[in-house]
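Trainee: Before we start, here is the structure in question, set down as structure tokens.
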Amino acid sequence: MPRICVLGAGIMGVSTALAIQERIPDSVVTIIAEKFSPNTTSDVAAGLIEPYLCDDDVDRVISWTKSTIQRIQEYMNEGNPGAESQEQSGYWLQSVKSVPKWLEVMKNVKILTGNELKMVAKRPEHKFGIFYTTWYLEPTPYIKWESDKFLKNGGKIKNSKIQKIEDVEKEFGLFDVILNCTGIGARHLIGDNEVFPTRGQILKVKCPSVKHFFIDDQFYALLNDTTITLGGTADRHQWDRTINPKISEKIFQENCKNIPSLRSAQVISSHVDLRPSRVTVRLEAEPDSKVIHNNGHGGSGITLHWGCALECVELVKKVLAGKPGISKI
């Protein structure tokens, strides 16, 4: 039975471990991580399904996103708590017209007419708009759902802070394949200097009267089951996880300009975390190695998670067959 190790327990790590377990049935899969849900970067995410802060080949991103959407629909069909309402519609307003190819996987896509734009635009820079329907995941219950399935199927979970990837087998014994799903941690774990943090600060608020998401060039209001996520910042190469009250206030006030009814919102909490950014997603097996990398998803970890997990399964099969491969296009 092949012994598989997955490093990292955010949505990418847990999904990858579960996908391997389900598709390579004789495998023994172990997740090793320092932090687990609800204390991962994934848990802070709003969970809207659309590529965000992810610089990669668009066809590759679309393929991964389609797999994730199919997965979400399966999750919804199982009747999981809150899953029945995991579609939402809203507006994306822009200062410069952009109709990216990934919109083809969204539903009800409509370019706003001049009159429609006037009805929703709140700033002079809102010169172009798109309405569409997408999906979202509440990350914490979803990761729990996956983790429960993983454990029920015989998966193992170990709590450990691994400093270097070479230390894994010193502490836990030999593995046939080791997958790096450590997000920003890959910078230190394997010395990948192309991984860098993009600092994101958000607010969680309650405002039941808001029924649509709203995104513009800088700010966004995204609906969750019981709250709304207001953002945001995207500060590249910033490691500071300290909440800045002035930034929180600006996020709130600027979103109120876009959605005036937010002024009655109840502020629940503020959060800061570091998106694991990279020039391109690294999803590949190192040549002549047992190590596979699956990291650098930027702000799109939720959007891409299941597509990337399925691709990892194929890479694991190649490594086990003695044919490590590279999945770059």
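Note that Cβ sites are derived from N, Cα and C of the backbone, with glycine treated the same way.
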Trainee: Taking Swiss-Prot at its word that Y220, G299 bind D-proline, choose the one of R123, R187, R263, R275 listed for that site.
Mentor: R275
Trainee: For I302 (FAD binding site), just give me the three-state DSSP call.
Mentor: helix
Trainee: What's the CA to CA span in angstrom from N39 (N-linked glycosylation site) over to N224 (N-linked glycosylation site)?
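Mentor: A Cα-Cα distance of 18 Å.
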Trainee: List the residues of the same chain that sit at least 6 positions away from N180 (N-linked glycosylation site) in sequence and have their Cβ under 8 Å from its Cβ, in sequence order, or write 'none'.
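Mentor: Residues satisfying the criterion: L7, G8, I165, A186, L189, I190, V291, I292, H293, N294, N295.
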Trainee: Would you mind ranking the recorded positions N39, T41, N224 by how many other Cβ atoms sit within 10 Å of each Cβ and giving me the lowest?
Mentor: N39
Trainee: Taking the Cβ of G298 (FAD binding site) as centre, how many other Cβ atoms lie within 10 Å?
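Mentor: The answer is 22.
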